2 protein chains.
Amino acid sequence: MMDIITKFKNKRVIYLSPPQTLAFSFLVFIVLGTILLKLPIASTTYISWLDALFTATSAITVTGLVVVDTGVDFTVFGQVVIMILIQLGGLGLMTFAVLIVMVLGKKIGLHQRVLIQEALNQTSIGGLVRLVKILLIFTFTFEFLAFIILSLRWVPEYGLGYGMYTSLFHTISAFNNAGFSLWGDSLSGYVGDPIVNLTITFLFITGGIGFTVLADLWSKRRFRTLSLHTKLMLIGTLVINVVSMLLVFTLEYTNPATIGQLSLGDKIWASYFQAVTPRTAGFNTIEIGDMTTTSIFYLLMLMFIGAGSGSTGSGIKLTTFIVMILATLSFLKGKHETVVFHRTIKPHVILKALAIIVVSLIFIFLTIFTLTITENASFLMVVFETISAFGTVGLSMGLTGELSPIGKQIIILMMFIGRIGPLTLAFTLAKPKKSNIRYPEDEVFTG
Amino acid sequence: MMDIITKFKNKRVIYLSPPQTLAFSFLVFIVLGTILLKLPIASTTYISWLDALFTATSAITVTGLVVVDTGVDFTVFGQVVIMILIQLGGLGLMTFAVLIVMVLGKKIGLHQRVLIQEALNQTSIGGLVRLVKILLIFTFTFEFLAFIILSLRWVPEYGLGYGMYTSLFHTISAFNNAGFSLWGDSLSGYVGDPIVNLTITFLFITGGIGFTVLADLWSKRRFRTLSLHTKLMLIGTLVINVVSMLLVFTLEYTNPATIGQLSLGDKIWASYFQAVTPRTAGFNTIEIGDMTTTSIFYLLMLMFIGAGSGSTGSGIKLTTFIVMILATLSFLKGKHETVVFHRTIKPHVILKALAIIVVSLIFIFLTIFTLTITENASFLMVVFETISAFGTVGLSMGLTGELSPIGKQIIILMMFIGRIGPLTLAFTLAKPKKSNIRYPEDEVFTG
Ligand SMILES: [K+]
Ligand SMILES: [K+]
């Protein structure tokens, strides 16, 4: 496909910048996925074009919001289409393109490298091919091992065929942070099951931490020698997950609709699972809509923050959040530079973090604004659905199935924006304008 | 009072930084106000210590959230106490101190100038005394003229005594963006009255635009020669008010509970009033809780943005919002500097805007989080109450009167934080730490 675009380019018929190509590739697969899911052999019941489009978008953007019951309304053919879309969308279309090129033995050109760079959010081209190789090795190794473990758990329960099939589906869905499940209540049937809890969360935390982090860990292995980015991601992930688990446990402890009536062990498993899933995995083992308003509000923040850069997850990204907090602390302490782990964070990175947050908030604001007009639902449900789509999380308080046609279209757009990254979209829309004129500084009073 | 602090300082008994002195002064007046409002002669009915504290805080922070009916439950004595607290809090305690010093003919020392600088959010000490003089002339001129105009409207309606009294009360409350009214339904009785609409909104828009802007306009008078800050404030205020008016008009046009049943003229007046009041004035001419969810959500944003720097209003400030948007646009266009009106905005100002927004969001997040635990109200009502307190706006969907004792204490704290400025508080808490060690830069991937 990339070759086609390149050919078009050479003929000067169309010219697409790397972010535009990325967005365009996603669009092509959304269209293909929609058509495949709309085929009679894909579903067991009538599915509208809009619902097929919604499902295809939800799969390729690894969101997991569903308007039809994946395990019931789709045939195995439909489910396999969803599984392939998830793997394509999660690993990144560009990475797949590289794989094809590598398999065909072709040399990877600069233009393709720039595309991969965009997809993986890398700042240097060197070592990209190596990174992609590591990425693919990691992916298939992790997925294979998890598939074996889950099969050992589910084949005895469901028999060989469905047991292996459901293990494969949930493995791919988990590692790619898609959150699609063959069961209507997601993984609620395994709320206290250690194997399912550990395997699924290990998959989506690994997939969500970002491939650069995995590659760095793979090649260095000692904390002190790790890159700043890796250190921030590891410590940030640990801290936010532990804090979230304690909060969910405390806030839900006496809630009879969620974990109140579970045993202490199951309470802990459920708190752990619901604490780690909102930063884009999207599976759930308790009913999200039944959680306390305080928990749900806290989940909103987690969904907004999201996973790691260059990962199968979305959101503003954990490092964006950390950079923002660090820059603020430095400002409050009167420091001229933002320093962490004896390294200075570039001003440009801070400015980028600000831009990501501003652009994200604008998209979220516009979506909530519109949905409060089109949907007949509580404000909290609308906010939750919006941020879930933005972070390609896939958790819902129950609004997804009730969305109006316009509401579905808005959420489709939001999942798309959330996955290609609000900044990528904004870059695509903004016209770069370089200026060499320097203007004098002037004071503006803020706050 | 400042003299006392200075004396203490010289004796090394206590040392307070300028922001701490500012916060401390507010606290002293809150305590004084609480005691005065708790006196039997202040109220016509029993008022708890907590409610007296709430009212005193609401008045001195010019918020206008009320737990008791100002016009009914307080005597004229109590109302005059509230009026004085509003004038003190709105004009700034420091400004009053300067006034006293000037009247006494004393020379204003550097320490006092630094305090005024904090209160007015000025970055240079030079010209501060002149600014304060202009400020006081402006204030009393505007208040006197408005008092005359409102008296001409209300004396015929209410008679000489109450007519003049209510005109004075609403003049002071409006210019200082306090939003306190002697009437339980605020200014709903004058929803279509041109004199009341124009006088009140002129007062609070003028008071909320910031004294530096007024001083700049006073001395320059031609747009081209105005400072960047003044230009941004004037254009920003115009744009945001026009857009807001059109939105409120459109969103509420068919809402029978608000403007749906009013004449076209009254619809326009009501849209205008509700569009300009949320950026910290806090009066209302229609019931806020009856507005559409979409309007209320939009109002949340206006309340968060707030008024101008060094004004009688709060919020993150309109210029903080504008700087953030401009910095984001510059980043998206690949520019190295943020330029507007042929002037460059300093990186430090952008960093400060980021810090203000982050710190504000943290305070708002913690407040909403806690209130969802302590209060039995819808999520939207809780969010609205929180941001109204943060922006010292004073609009409410009706939660204020229903707040639990803990809820009242949290809102008291939030009004205080909102008025002294979240950054001032954060500065007070953060220990400045200068470092001369320079660390190498390292890459962090965001978004
Ligand atoms: K997901
Ligand atoms: K107010």
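Glycine residues also receive a Cβ, built from the backbone N, Cα and C atoms like all the rest.
Here is what TrEMBL records for this protein:
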type	residues	note
TRANSMEM	A:21-41	transmembrane segment
TRANSMEM	A:47-68	transmembrane segment
TRANSMEM	A:80-105	transmembrane segment
TRANSMEM	A:125-150	transmembrane segment
TRANSMEM	A:162-183	transmembrane segment
TRANSMEM	A:195-218	transmembrane segment
TRANSMEM	A:230-251	transmembrane segment
TRANSMEM	A:296-329	transmembrane segment
TRANSMEM	A:349-373	transmembrane segment
TRANSMEM	A:379-399	transmembrane segment
TRANSMEM	A:411-430	transmembrane segment
The transmembrane segment (A:47-68) touching the transmembrane segment (A:195-218) per 3+ Cβ pairs under 8 Å rule: no
Contact between the transmembrane segment (A:162-183) and the transmembrane segment (A:47-68) (at least 3 Cβ pairs under 8 Å, separation 6+): yes
Most Cβ pairs under 8 Å with the transmembrane segment (A:411-430), selected from A:47-68, A:296-329, A:379-399: A:47-68
Within-chain partners of the transmembrane segment (A:230-251) [C-beta distance under 8 Å, separation at least 6 from its ends]: 205, 209-210, 212-213, 216-217, 220, 223, 259, 267-268, 270-272, 274-276, 278-279, 291-292, 294-295, 298, 302, 305, 308, 318-319, 321-322, 340-341
